[in-house]
Amino acid sequence: MTDSPDATTGGCPVAHGDRLPHPTQGGANTHWWPNRLNLKLLAKNPAVADPMGEEFDYAAEFKTLDLPAVKADIQEVLTTSQDWWPADFGHYGPLMIRMAWHSAGTYRVSDGRGGAGTGQQRFAPLNSWPDNVSLDKARRLLWPVKQKYGRKLSWADLMILAGNVALESMGFETFGFAGGRVDAWEPEDDVYWGAETTWLGSDQRISGGEQRELEKPLGATHMGLIYVNPEGPEGKPDPVAAARDIRETFGRMAMNDEETVALIAGGHTFGKTHGAAPDSNLGPDSEAAPLEAQGLGWHNSHGTGKGADTITSGLEVTWTSTPTQWSNGFFENLFGYEYELYQGPGGGWQWRPKDGAGEGTVPDAHDPSKKIAPNMLTTDLSLKVDPIYEPISRRFWENPQEFADAFARAWFKLTHRDMGPADRYLGPEVPSEELIWQDPIPKPDHELVGPAEIAELKGRIAESGLTVRQLVSTAWAAASTFRGSDKRGGANGGRIRLEPQRSWEVNEPDQLATVISTLEGIQESFNAGSGAKKVSFADLVVLAGGVGVEQAAQAAGFDVEVPFTPGRGDATAEQTDVESFSHLEPSSDGFRNYLGKGHPLPAEYQLVDKANLLTLSAPEMTVLVGGLRVLGANYQQSEQGVFTEKPGTLTNDFFVNLLQMGNTWKATDETSETFEATDASGQVKWTGTRFDLVFGSNSELRAVAEVYASDDAKEKFVRDFVAAWDKVMNLDRFDLA
C-alpha cells in the first residue's frame, strides 16, 4: 500500500509520476490530444448522475416548504456559535453573506455563465478558489438545515436564502427572495475561468499595459478571485488603479457604478476579513485536502486555527463599530478618517486611520474586552478617490435610506440575475415590481389561437411570398439567442423586431426587415378580424419557421407537422434594455455558418460552445447543422456547407456528400477557415468551413454523421431535425415546464 498523499501539496495518493492517469483520475485522450474537441460539454448533468431521478420536480417540492420555518431554522444557526468554528462577534451572518455573494458573484453577463443557479460552490474549482477560503465551513454550518428539509430545499437556494436571512437578522430589510434553483450534481466544466495555471495569476488575462484589458468573457482580474485583488492590482496598493479594475469586473457582472458602490459598501457594513497570520500556515484547499479532512480545506496551523487565529484572505480588516448590525458605519468611517498604508499581521497591504485615530471604536471579533480601530481595504478606498464612485458614496453617506434601498435592489439583482425571467421565481417573497434586467415579457391579454386559427395563419404565411430560407432563418435568429446559462434570450417576447436584435449583423437587417414587415402585416390583418382570438408577433415568428420546415420536408417527400404551442408575449422597447441585450449578439453562429472576427479559438470550438448554451446534445447539434445547411439558412446565403443540389429541401444530403469518398478537401488560404472539395477530375465540388468539416473530421461527430448519412436514415433525419428544431423554439417557454 502506498503512503498517504503529502498533506502540504494535496497530491494524488496513487504515485504515477509521468505515467498517463488511470481512467478514474481523468482521461488519457486529453493528454495525447490536448486540443481535442470536448463534446462532453453537450452532455451536462446526465440523468444517470442525478440521485433524485428523472421524475423529480424540484419546483413542486419547493412550493411545499414552510419558508418562515426554514428561515427560523437558519436564524438559529446564525446565532448559535460552534466550538469547531466559532462565530465572529457571536454571529455567523457576515460569513453567510460572503458565502451567498461568492456563490452568485461568479456570474458574468457576456455568456451568462457562473452564478448561484446550480449550487456550483460545492464543487471544484469554486470550492477551492483562494477567494472562497473557509466557505466550506459556512456550508457545513448549514448542513442541519439542508438535512432537515432534504429534497424540498436545494443547496443552490439555501445558500442564497441564508444570505438573505443573515441580512434580515442584522436589521436590514431585503428586497425579496425567489427560490427555484435546481442543484447540479457535477462541476460545470463548460465555464472558462481563465488560462492561468496558478492561483491568483493574472498574466494570461490582463494585457494592454496600463490600459489593463481584461480577456473576455472573464469577470475577475485574477485566477481564483470573484472580482479583484483587494490589495490592489497584482497586489499593488493603489486605490485609483483598483477602481478601474472594480468598474470593469462589476460591469461584467451587469452592475453599474451606483450598484457597485452599494454592493461593496453594503457588504462591508458587516463582519470582517481574516488575516491573523501569513497564509503560509494554511494547508491544501478543499478539493486537495486529505481523505480524513472530509472535504474541509485550508487546515490552519496558526494557533488554534480558528476564531481569533483565522486566516482567509490574509487581510485583517473590520470596517465598522457595529459589524453585526446594518448601519451607515462604512461610509462614516470611509469619509471620517484619513488613512495610511501598512502591512497587517497576515503580511497583506491594508489601511488604518492616521495618527492612531479611531482606536477603541471597533469591537474585537472574539474578545469582548478588546477594542480596535477600523481598517479599510485598498478597494474600499477606491470608493473615496475615484471621481465617479466618490460622489455616489458621498450621496449614500448623506442619504442612508437611499443607500439602503440601493443595496437591497443591488443585492437582489446580484443573487437572482442568473435565474432568468420572473416566471421562474418561486415562493411567497417574490417581489411584485417588474425590473428591466429580468427582461420582462407581458403575458398575452387575449384568447390564444386554436387549431383552426393556426391552420389559417399557416396558410397566410405560405401565401406571403416569403421563402423557406427567410422563414427558417428568422425563426432561428429569434430563438437561438437563448442561453441555458442564465435563461435569457429566445423567441418569446418577439424582440427580434426590436433594437438591438433587428440590427445585428448576423441577422442580415435588410432581409430581416422584409420578413418582419410581412409577418406584422399578417398579424395585424388576422387580429383585426379574428374576434377574441389573436396571435402575438413572437408566436407568429415561430409558427412561420415551422411552416418553412414543413414545406422543405414535404419537398423531400415527408409529410410532417412541426409542433406549435401558442402563448408567447410581445415585449416593448421600454421593456428592453438595449445595452443588456447587446451581450446576446452572436459573434459567431456555426448553425448559420457565420464567423465574426477576432476569435481566439477555431470555429468548431465556438460551435460546440453555442450548442452548449442552447442545451443541445451532440446528435441534436449535428442534425440541426445538417438541416439548416440544406434549408439555406446560411448567413448572406453563403454556399459554404450547402452540400446539396436541392437547397430548400429537407434531405440528409449534407451528411451524404460530406462523407462521400473520392473528394479531396484543401484549405483555400493560410487561415484554414474555408475549404474546397475537388473530385477525381479536379473540379471543385463543394466549399465548406470548419463548422462543416468538423462533422467528418472529429471521430465522435463523424460517428453521428454516419447515422444520418445512411440509406435508411432519410426519414429519421427529418424527424430528428423537427424534434431538435422544436426544442430550440421552446427553450424559453418556462410556462410549459
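For all residues, glycine too, the Cβ spot is worked out from N, Cα and C.
Taken from Swiss-Prot, the feature region 'Disordered' covers 1-29.
Note: ARG98 (site 'Transition state stabilizer') has non-local neighbours LEU135, ALA138, GLY267, GLY271, i.e. same-chain residues 6+ apart with C-beta under 8 A of its own C-beta. If you look up Swiss-Prot, you'll see ARG98 marked as site 'Transition state stabilizer'.
All protein chains included, HIS102 (active site, proton acceptor) registers 22 other Cβ atoms within 10 Å of its own Cβ. Under the heading active site, proton acceptor, Swiss-Prot lists HIS102, citing sequence analysis as support.
Swiss-Prot lists HIS268 with the feature heme b binding site. Mapped onto three states, the DSSP output places HIS268 (heme b binding site) in coil. Other C-beta atoms found within 10 angstroms of the C-beta of HIS268 (heme b binding site) number 25, with every protein chain shown included.
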(request) Measure from the CA atom of HIS102 (active site, proton acceptor) to the CA atom of HIS268 (heme b binding site) and give the result in Å, rounded to a whole number. (result) 14
